[in-house]
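Reviewing the structure listed below.
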Amino acid sequence: MNQYIIETNKLSKKFGNFIAVDNINLKVPKGEIYGFLGPNGAGKSTTIRMLLGLVRPTNGNVTIFGKPMKECRLEILKKVGSMVEYPSYYGHLTAYENLDLARRILEVDQKEIDRVLEIVKLTDVKNKAVKKFSLGMKQRLGIAQALLGNPELLILDEPTNGLDPSGIHEIRDLICSLPKTQGITVFVSSHILNEIELIANHVGIMKKGKLIFQGTIDELKGKSRTEIRMDVRPAEAALKQLTTKGYTVYQKNGLLNIQDKGINPAHINRELVLNGYDVYQISSQHDTIEDIFLHLTDEKE
Amino acid sequence: MRLIKLVRNDVMKQKSGFLWLFILVIPLGTTAAMFLDMYIRYDYLFTMAQKRGLTSWEMLVNENHTMLQWGIFLPIFVAIISAMVHQVEFDRNSWKSLLSLPVTRTSVFISKFITIVLFSSILIVLNAIGLVVVGKVIGFPEPLSIEHYGSYIIHQFVGIFGVAALHNWMSSIFKNQAIPVVIGFIGVIFSSIILYQSFEIAKFSLYLYPFFAGGLQGFDSSVSIYGGIVCGAIITIIGNIEFTRRDIL
């Protein structure tokens with residue numbers, strides 16, 4: 001059998017004429033943190049809602065733990081903890097009471113509440129009404145609820161949305177520790193790449209409803225482009241020279257840039273010097289992961 | 001039973017909420033109003049009742065149901081209860097986290113219906129208890145007819161099923177709970193206009209089944225039983241089909 005915790009097959013969702021999610025095939029391996037990336041409105045939330053059975057797919061299907069979502073929804077959801085966008089809670093109830101509502105439905109022991117409160121460090125304020133909580137605390141409560149009953153899979157949609165830097169840091173540490181300490185698979189979405197880069201080892205990138213990349217962070221880095229930038233004089237003549245040699249060269253801010261893959265800067269340098277050009281400066285630039293992400297999501301179809 | 005747990009949760013969600021105040025204050029008001037009515041007009045009303053062959057207790061129910069218009073307003077109270085039961089899920093968009101738990105949509109939908117009926121029943125029972133208190137304090141000469149008051153309560157209880165079902169469905173749709181309450185209000189106004197035109201048409205309005213529960217002369221109170229059960233069942237089934245297929249965004 002497969003070792004994927006989440007698998008979707010040609011999953012699609014249309015709202016009227018608008019295609020929110022278009023034929024995506026997600027593959028989320030067991031025990032990993034899978035980062036689900038994409039700009040706002042790329043279809044991440046709709047996809048997550050389909051994974052949880054909140055939204056009915058127009059086409060395709062979702063398989064979680066090797067079981068079809070359509071038929072085994074209850075069985076699957078027993079082992080899935082989730083928080084979709086901002087956390088939902090009943091403001092006039094205390095943190096403990098909020099968790100107790102979910103606990104009763106999940107049919108787990110009352111001790112579980114204390115355990116998850118301990119994990120998210122809310123034990124001290126468990127008898128305080130949630131409406132008095134800060135946003136970060138509400139967010140942690142949301143994660144505590146997702147952790148109730150030791151789920152095997154955690155689905156978090158934008159868990160650090162609206163948090164301050166220290167709050168983001170806390171949530172990030174918490175998410176990172178889960179697969180190690182509890183063996184949980186985590187599926188986490190975000191529109192901020194840096195955040196995913198720090199915690200995830202697998203990524204899926206969405207753009208306009210399509211899954212445009214899926215793989216490990218290293219594979220994503222492999223998509224990095226190299227650019228050679230040089231200050232050559234006279235620039236115009238050098239540009240002509242390099243173009244006739246078959247390189248794709250363009251001029252920007254008085255510097256020449258070559259973007260071809262697998263070119264050697266030493267080669268270029270020698271060629272220019274031997275042909276009598278003066279090379280004042282030559283450097284090779286690699287895309288940061290952010291550049292790759294922007295490059296992938298900005299690309300024209 | 002998971003359904004019982006869901007109902008318990010739905011009741012829990014109203015803890016220290018406005019709903020409890022609502023279902024306590026309303027019967028207090030009706031009791032006070034009926035007490036004043038009996039205190040001031042008992043002799044006159046009792047003479048009138050005797051001519052129609054009614055006891056003091058029966059007369060008291062009639063006063064409550066038609067003079068005070070309890071039978072007409074009860075559906076609006078049910079609509080308000082329904083709005084409050086659903087409001088908690090819309091406040092922080094808790095629908096998505098509730099429905100991401102291992103529960104069937106049907107059980108969530110039915111649980112809300114039961115919760116609405118439960119709170120409405122408390123309202124109905126408290127109103128009836130208030131009447132008994134008024135009768136005892138005034139010192140009605142006849143013994144209390146438990147049978148008559150029991151039947152009054154049961155007819156109302158079943159009579160609200162249709163309203164509870166309709167408003168359970170409507171309240172689950174509208175984020176702004178004022179909308180279903182206003183629809184309920186309009187429904188009640190229209191229905192009471194029809195009521196004075198033709199009973200034959202009026203008996204098809206689910207907003208009037210609690211009114212027919214009054215056992216008033218000239219109205220068949222069994223309509224509230226049949227109507228409540230039939231409308232309650234049909235609307236719950238149709239509403240549930242829509243609810244289970246709905247996309248939760």
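Cβ from N, Cα, C; glycine included.
Annotation source TrEMBL lists transmembrane segment at B:20-40, B:67-88, B:109-129, B:149-166, B:178-199, B:223-243.
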Query - Contact check, the transmembrane segment (B:20-40) vs the transmembrane segment (B:223-243), 3+ Cβ pairs under 8 Å, seq sep 6+ - result: no
The recorded stretch from B:109-129, B:178-199, B:223-243 sharing the largest number of CB pairs under 8 A with the transmembrane segment (B:149-166) is B:223-243
The answer for the transmembrane segment (B:223-243), taking Cβ pairs under 8 Å and residues 6+ beyond its ends, is 105-106, 108-110, 113, 155-156, 158-162, 164-166, 168-169, 172, 203-204, 206, 209-213
Beyond a gap of at least 6 residues from its ends, the CB atoms lying under 8 Å from the transmembrane segment (B:67-88) belong to 10, 13-14, 17-19, 22-23, 26, 30, 33-34, 37, 94, 112, 115-116, 119-120, 123-124, 127, 156, 160, 163-164, 167-168, 170-172, 177-178, 180-181, 183-185, 187-188, 192, 206-207, 210-214
